[in-house]
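Student: There's a structure below that I have some questions on.
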There are 2 protein chains.
Amino acid sequence: MAEGKKPTSGVEWRINVEDGSSRTLFPEAGPTCRLWVGLKGLMAGLVSNVWSFLVKAWELGVDDPRKVIHCLKVGMALTVVSLFYYMRPLYEGVGGNAMWAIMTVVVVFENTVGATVSKSLNRVFATTLAGFLAFGVHWVAGQSGEKLEPVIIGSSVFLLASAATFSRFIPSVKQRFDYGAMIFILTFSLVTVSGYRVDKLFKLAQERVSTIIIGTSLCVLVTMLICPIWAGQELHFLIIRNMEKLANSLEGCIMEYFNPDGDHTEGEKQPDKKLLGYKCVLGSKAAEESMANFARWEPAHGRFNFKHPWQQYLKIGASMRSCAYYVEALTSCIDSETQAPEQVKKHMSNNCRKVSSNSCSVIKELVKTMKTMKKSSTIDLLVEEMNSTVQDLQNDLKHLSNAFNQPESPIPEDKKTETNTTTSAATTIPLIEVIPIVTFASLLAEVAARVQDIADAVEELGKLAEFKVADDEKPPQQNQADSRVVAGQV
Amino acid sequence: MAEGKKPTSGVEWRINVEDGSSRTLFPEAGPTCRLWVGLKGLMAGLVSNVWSFLVKAWELGVDDPRKVIHCLKVGMALTVVSLFYYMRPLYEGVGGNAMWAIMTVVVVFENTVGATVSKSLNRVFATTLAGFLAFGVHWVAGQSGEKLEPVIIGSSVFLLASAATFSRFIPSVKQRFDYGAMIFILTFSLVTVSGYRVDKLFKLAQERVSTIIIGTSLCVLVTMLICPIWAGQELHFLIIRNMEKLANSLEGCIMEYFNPDGDHTEGEKQPDKKLLGYKCVLGSKAAEESMANFARWEPAHGRFNFKHPWQQYLKIGASMRSCAYYVEALTSCIDSETQAPEQVKKHMSNNCRKVSSNSCSVIKELVKTMKTMKKSSTIDLLVEEMNSTVQDLQNDLKHLSNAFNQPESPIPEDKKTETNTTTSAATTIPLIEVIPIVTFASLLAEVAARVQDIADAVEELGKLAEFKVADDEKPPQQNQADSRVVAGQV
């Protein structure tokens, strides 16, 4: 802008701009010019803010296209219901009843099928119930004379609104009928207040209920027929994803502990990111609860029956969180200032890795069980194997202990090769230095115990949901060999 | 019922009932009788269900009377707004606009001031904004002929509803403007669809906005003036309560570990209940976040400014949860099958108790800081003391270690009395048996480290909220003595 103009004074200030060129600076600027510059700055700030917001939104959409589909579904349902009423001459001018259908669609349409169905049923039943009650009150009020009428209406609104509000605090009501209680208060107040003559009111209310039913039916149809998102399925996959994350965290933890500066390029992912997956497990309690709550409103879908035991998923989630607490404790061992000497670590590393990899095998088998929804034939064996490696780990600690207590004691023949290095290493090391690894190993054993709890919870789910036995059974020997290969690889 | 009747046959069946008496059984009963009995059973079941529901509700009310007060407030606001419109002849017959005020009260009135204000502002601004936009679209559609009109209206509803729905997925929007986005969609759809002539529409919209403003003002006034519940204050007290629970859990944990069968009658409460307080800390993340979210909508109240750093409370909460993970790990040590021998436990118990009681002192001082909102003059000293007892605990472990390594080494004179028992005890005990206590002590040291994180977070809060220095400073020596007394008592 400035470069085109001729400078007004003989002296010229020039400034080098980032792209290499230089620009003329004008020494003075009038208030209009400064205002312009200020406005331009403001606009630029606004534009960059809006731009970064749009970029974020775009990333969100790319990350989960189903969210975009949901938005289009809402837009569609609303357009259909709007135009339906807009174009019918029946509703010309009044628009009063059209409102109820539009309002219903806006308020009831939710991301998941379960949430939409739950809100729809709540809305329809609460409206009907409150409508009938309100008629009764209205009739009684109408019979009792003009002076008493506002008193009866006022006190009934006060009492029922207070009671319904209170019911929203009761956990069992809040979980299922929170929205219904609100709609009940709303409808009751509206109907008692909105008119005098009961017969007219009845027609009005009938129309309202029918428009609400049209709105909710449209919502339920759109949400179930066009790319449905089932709360139950979401819960199922959330639990599976969290299991995988937990296994990855555990693996990452062991890798990080025994290879602190180690071969990170080997893995495909940054170990830090993998390691922190357990935090998702810790943070998904609220999501699990709300999904389990909505899932029970859903009809049978995919491999899930109407009476699928969704509550059991919460138990699995709780046992996973309980396991994640210990993984959190393990990660703090990695960052701890005091570390065991390398040779002790090296000695213990083998069995620690085995416990970890066996625990991971159990979790991965559970993931498989959940994914296929078929009873695993190898899970008991894998749990047993995990427990036996935990026993090995504890024996390791015992050997470490023996090394301290009786350095001169005869080592049993069969253990000789295994404990040899320990003995020689440990006798030169004070106990205080092995404390970190002892803690680490104990925590690891606790993790394994928690993994068994998860396995129990999944087994319970299998019983409740009547999982079938897997067809593609491998002979147990081969599986055992598999898990050993995994153990060796980690 | 049955006992009064005379038996119809000569043979009588009698049955002994639990309370010792016996009753006559009637061999035959007609279908009416069976129906009656069935109905009675059904009624009894219903009555007992309703009764237990009422008892639960009553307990809920007694437990937190503010919930009851909230319900009465809702009832009151609704009655006032209902009667206001019911009695004014202006709205006779139509009731259309009265509806908006009633609806606003029902939908906007929330438990805390922050939530109510947030919803009110969202509702007013979203309605206004959507109204203006809808006018524009309506005007444009009106100018473009009868054929194009529904197309323009339909596509604008589709586009804006989809975009607004999508914005609700963006975390920053969801947190603050979720309700506003919904109301925006609702108002926009309603206004674009509800009528043809813009001038009439304008008057209608004006009335609606004014009734909404009346409704929201009433809600905000009632919620702020009659026994207000401030989200900020609730958050503040929640954090304080959770701190106290954490300290109690830690104390309970130590007591339980070192006195498993011990003197439970000494304490006022069941140790189990005290011990499990940390679970509240683990489970209150969602509550903290929603309260912090609402708190920033609240005006200055009590000792909290408008710009009180509520986000810092979330950091304190996170550090408390991080500490609670370790307390959870500690509790599992209590239930563990493998326990260290009594004499080793006894030796370690002194310093473990000290670490625990010093950690508790730190937490209790933090509770005091939070309660008084004044900088503590002794917190640094207490943290230092806690860290030095952690050092003592680690020295204890070192002595334990020395006992294993060099049982014949000369014990330094000043430590002789203290370590004497250990040496004699430990030399006879294999290391494997001390592993549980080593783990326990390491976890306890981690708890102390996490307590320091909490102290740092609270200090940061003190800086951000500009806490003043406490007036009632005691000389540090006395405090130190106090905490020692506490340590001795535990």
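Any Cβ shown, glycine's included, is placed from N, Cα and C.
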Student: Looking at the candidate ranges B:68-87, B:148-167, B:428-447, report the one that TrEMBL labels transmembrane segment.
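Tutor: That would be B:148-167, the stretch labelled transmembrane segment in TrEMBL.
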Student: Could you check which of B:7-28, B:359-380, B:381-402, B:469-490 is flagged in TrEMBL as region 'Disordered'?
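Tutor: Of B:7-28, B:359-380, B:381-402, B:469-490, TrEMBL gives region 'Disordered' for B:469-490.
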Student: In TrEMBL, which of B:179-198, B:239-258 is labelled transmembrane segment?
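Tutor: TrEMBL lists transmembrane segment for residues B:179-198.
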Student: Would you kindly list the residues that approach the transmembrane segment (B:148-167) from elsewhere in its chain, counting only those six or more residues past its ends and only Cβ-Cβ distances under 8 Å?
Tutor: 133, 137-138, 140-142, 173, 177, 181-182, 184-185, 188-189, 192-193
Student: Let me spell it out: take the transmembrane segment (B:98-117), skip the flanking residues so only those 6+ beyond its ends count, and list any with a Cβ under 8 Å from a Cβ in it.
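Tutor: Tertiary neighbours of the transmembrane segment (B:98-117) are 67, 70, 73-74, 77-78, 81-82, 84-86, 91, 123, 208, 211-212, 214-216, 218-220, 222-224, 228-232, 234, 291, 293-299, 301.
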